[in-house]
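Take a look at the structure set out below.
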Amino acid sequence: MKHVTTDLCDANEPRLADGTLRVMAPVFRAFGKQQAFAGPAATLKIFEDNSLVREALESPGQGRVLVVDGGGSLRCALVGGNLGLLAEKNGWVGIIVNGCVRDTGELDVCDIGIRALAAHPQKSQKRGAGERDVAVQMPGAVVRPGNWIYVDADGVLVSEEKLGA
């Protein structure tokens, strides 16, 4: 069953008012075959180094969404075609990147949903720097591990708990 972000907002106005349901800023471009996806969040806080992205995506996704706070950097890509395929293979439903992706043609055939600020041809560094499973500041909303993420063509929602259809 698909969750529609507009319907979720309309049905949960008290949660929007008290901040237990948040809307990310409308700054993301869509990549990947899945235009709508939902699941609990796993989080990363990194900057121009995607080592932890690979490490996370090598683990079983179990229907989760990987939320990557890349600091909004537009100087390199944090996710590319190989990582998109890895995410699909390991059961992740989506990736949201506060940063860039590359290999967009490859990403667009991956059977997951991806949101990112832009595309950039340069790869990131590989130093192993960053934090995993921490609260991250995404554009317009804080995301904590285990928050529920709902994504479709109208936007990205962050909920403190799983919402009904």
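Numbers here mean position along the shown chain, with the first residue as 1.
In case you wondered, yes, glycine gets a Cβ from its N, Cα and C as well.
Source: prediction; values computed, not measured.
Arg102 is the only one of Arg64, Arg102 that Swiss-Prot places in the substrate site (with Gly80, Gly81, Asn82, Leu83). Set side by side, the binding-site residues Gly80, Gly81 differ in how many other CB atoms lie within 10 angstroms of their CB, and the most is found at Gly80.
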